[in-house]
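Notes follow once the structure below has been shown.
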Amino acid sequence: MEERNDVSLMRLLSEESACSTVSSDTYEYYQTEIFDQLPSIQATRPEQNRSEEQLEHGNLSRGPRDKASTVPLRNLAVCIQAKRDARERRKMQISNIGFWESWRRSQTSSRKRVWAQMGGAIASLLPWQHTLHAIEGRFGVGVKAYFVFLRYLIFLNVLYCALILGFILGPTIFYGRGSNSELLRFGGNDSVLDFILGSGYLDRSPVFYSFYTRGSLDLFCLNTPLLYLAGIFAILFLSVMMVVRRTIVGYKHTWMLGRRHRMNVSYKIFCGWDFTIQYHAAAKLKGSFIRNDIKLFLEEQNFSMREAKRTLKQWAHLYLLRVTLNLLVLSLLGGAFYLIHFATVKSQSTVATNDPLVKLLLQYLPPITITFINLFLPHVFRKISSFEDYSFTMQVNATLVRSIFLKLASLGIYLYFVIIGPPVGPNSPPKCRENQFGREMYKLCIFNFLITFCNTFFLNYPRKLLRKKYPSSFLARLLGKQHFLIPFNVLDLVYAQTVSWVGVYYCPLLPLIGTITLIVTLYIKKFMVLHCCEAEQRMFRASSSSVLFYFMLLLGLLMATVTLGFDLYNFTSKDSFSCGPFGEGRTVFNVTEECVLSLPSPAQSTLRYLASEAFAIPLILAEIIILTSYVSRGRANQKAIERLKDMLVMSSSDKRFLVKEHTTMVRRQRNPHQARSARIEENVPLNRHKDPPPRN
Amino acid sequence: MGTTASQLGKDLLSEYQELTFLTKQEILLAHKRFTELLNKDEKDHTARVSMNTILTLPELKSNPFKERICHVFSTSENKDGGLTFEDFLDLLSAFSDSATLEIKSHYAFRIFDFDDDGTLDYGDLEKLVNCLTGETQDTRLTSEEMRQLISNILEESDIDKDGTVNLSEFQHVISRSPDFVSSFKIVL
């Protein structure tokens, strides 16, 4: 207590002396007497003891204290003894907490806990929660964002599986496959290789399109082809909805974070530590997280400061460099595309060999080329973007954008060649082109998975072993530490999912295959992260990047839909041979029409109106009106916020000015010497009651 | 539980419930843990446990602010950070589930105010950042980084531009953080 008063005395003395020698304007406004009396201050901290402002007068601080007397004692930020004193001051009776009150209170807190536990239990129902937690603890939020993304894709694929089962597989199983279907049997020319190639046995199996021939369920509006179509469209529609929703949510989050950017560092420092941490390792990890975060922030800030200082000449130089590097990127992309073209042509040319291995290799040439290009080029892009003098986040984003362009474009080129197809000889046997296309997608999917598998177990793991066994060897030092490169891993996922979307029409079991491969991928990646990789020194921004992940997924989906539309048009228009659900004069386009024709005429005319241009115009107009109203409302709110902010700043500066004026006037009237001694005297008895115990 | 309850006394127990945010069970548990730290001979409730003994609690052991926490909650005359049982209850109350944001931010401010002068000035912030990132030579920030960081902090939170962050400015920052209440927590 004594020591405490000494401190306050010292502060008073130093302030007073400073003020008396210089001008009274240096007196900080929040240390003035009148500051405590301001209604706004009293409103913001009603029950706070005034330990920070030592300038308390018994009569001056009556306002706040009267208000404080309504506050429960336990809300006072003072020690128990001081609370007892406060109770005595308030002349309150020692309220005996009865059995009932005690029970009620413990019920409230236990209810709170039950809720928290229930929330935890529900969260832990999500699979791999524990895995995610462990990974987050060691590698940070960025790597966790990747795994969350992976889990999201698994859920999505499980949902697709359910849809496929309900719309496509179920009807086929229940109602048979029409008259001319032979029994599915493994034998004859089939071999295990078929499972990789997607030919032979698999070609006849439910994996591919041609299996789903028209069954006995053959009403006008409820038949297998229609259900097939409905299933596929349901999948695509659902994916669009879900991915768009996810992107929007993420975008909104980042946008809001960006808006509140001003408070960014203060949060990190003041709310940075998690006091619940009990283990030394966890504490160390938390420390390194905070450090990395701060360093990343400082680096970005330094970068933007450097950027602001660049001269015109430097800018010109930089742009020249960037243009050159972009040209390099473009030429690399062009080369890659030519290579894919070459590989596709090569694999489609009918080379007569009987060696199954050569055949396999030729069959897999395009996927191999695509995968290797996609494996190799993004790393080149990463190196290139490091020369371009972008900020770290921008570097990652530039690499991501280039790589996603490469991935999707290479897939697109490959698809184009597959759709155009090789010239069909007049004497070649009729083949189901849909199946062929599905087979290509199947191969891409399988190969992508195999690459993931091999990459981990034949590349990353040996590398890790080498580093562990011979840490000083030249090779180990050359290869360096392994990090989990989030952008590239995400790209792989987006690519696989895009292939799955493109192929789902021709290979309806692709989502099931996707689910299995993704689950295995999750375990492989978990193994890779936990056993082969070391935590990054620089952390990846999770919030902004996950938006980018979903955005890329959206791009993939867009591409899948476009491809599917193009395919449908292409296959149905030029092919006379038909297989699968649509045959016997029915196509994707007229199967719905048949249904419509069977409806009663009012429904028919309504549907026709809905499908016509006459309906499109009012629809577009209505959309425009709704959008306009939302946009203008948003703008008006924005303006109101700006004005309120201005008003806030103005009123607070008014307050500061008035307080300062008041203090200056009071001091001119009073002898500073007297004021000081009076203040100290008043301070002592008050402190005894209200101050927290000495802080040291 | 019956024996511990009788040790603490019924009146005292209900008084503690009135004065803290703790429930009966929590107070009893706290008492049990506290008496384990005490020497065998001193069982009365004004006995003080030295700071070093308190810091052996696993809940505080790996906290970089552990000494500050003890100092803030200690009522000891010779500022050694020793805690009586009531101080200990104060500590647990402030860090409990049901303590208000007001209380939590107040104590957070005092914990971060290393030199006890009522504002967070440059030195306080520097110590705070060092505590967060780790004190050793290779984990702490360079002085240039530190200067830049602190000027950023002051730029953001020092609303009245007096070069320090005072309690209300601190609470202003804290009140916008949704997860402060959940992370500023120590439960036995």
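Cβ from N, Cα, C; glycine included.
Pulled from TrEMBL, these are the features on record:
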- A:47-56: compositional bias 'Basic and acidic residues' (COMPBIAS)
- A:678-696: compositional bias 'Basic and acidic residues' (COMPBIAS)
- A:432-543: domain 'TMC' (DOMAIN)
- A:43-68: region 'Disordered' (REGION)
- A:665-696: region 'Disordered' (REGION)
- A:152-175: transmembrane segment (TRANSMEM)
- A:226-244: transmembrane segment (TRANSMEM)
- A:319-340: transmembrane segment (TRANSMEM)
- A:360-380: transmembrane segment (TRANSMEM)
- A:400-421: transmembrane segment (TRANSMEM)
- A:441-462: transmembrane segment (TRANSMEM)
- A:474-491: transmembrane segment (TRANSMEM)
- A:503-524: transmembrane segment (TRANSMEM)
- A:545-566: transmembrane segment (TRANSMEM)
- A:609-631: transmembrane segment (TRANSMEM)
Tertiary contacts of the transmembrane segment (A:545-566) (same chain, 6+ residues out, Cβ under 8 Å):
142, 145-146, 148-149, 236, 239-240, 243-244, 246-247, 250-251, 253-254, 396-397, 400, 404, 408, 411-412, 415, 419, 486-487, 490-491, 494-495, 497-498, 501-502, 505
Selection from A:226-244, A:319-340, A:441-462, A:503-524, A:609-631, the stretch that has most Cβ pairs under 8 A to the transmembrane segment (A:360-380):
A:441-462
Taking residues 6+ outside the transmembrane segment (A:503-524), which of them lie with a CB under 8 Å of any CB in it?
128, 147, 150-151, 153-154, 157-158, 160-161, 164, 168-169, 206-209, 212, 228, 231-232, 235, 434-435, 437-442, 444-446, 448-449, 452-453, 456-457, 493, 496-497, 564, 567-568
How does the model score the domain 'TMC' (A:432-543) in terms of mean pLDDT?
81
Grab the same-chain neighbours of the transmembrane segment (A:152-175) for me: Cβ-Cβ under 8 Å, and only residues 6 or more beyond its ends, written as numbers and ranges.
206, 211-212, 215-217, 224, 227-228, 230-231, 234-235, 238-239, 242, 246, 493, 497, 500, 504, 508-509, 511-512, 514-515, 518-519, 522
Segment proximity, the transmembrane segment (A:226-244) to the transmembrane segment (A:319-340), 3 or more C-beta pairs under 8 Å:
no
Would you list the DSSP helix, strand and coil counts for the residues of the domain 'TMC' (A:432-543)?
86 helix, 0 strand, 26 coil
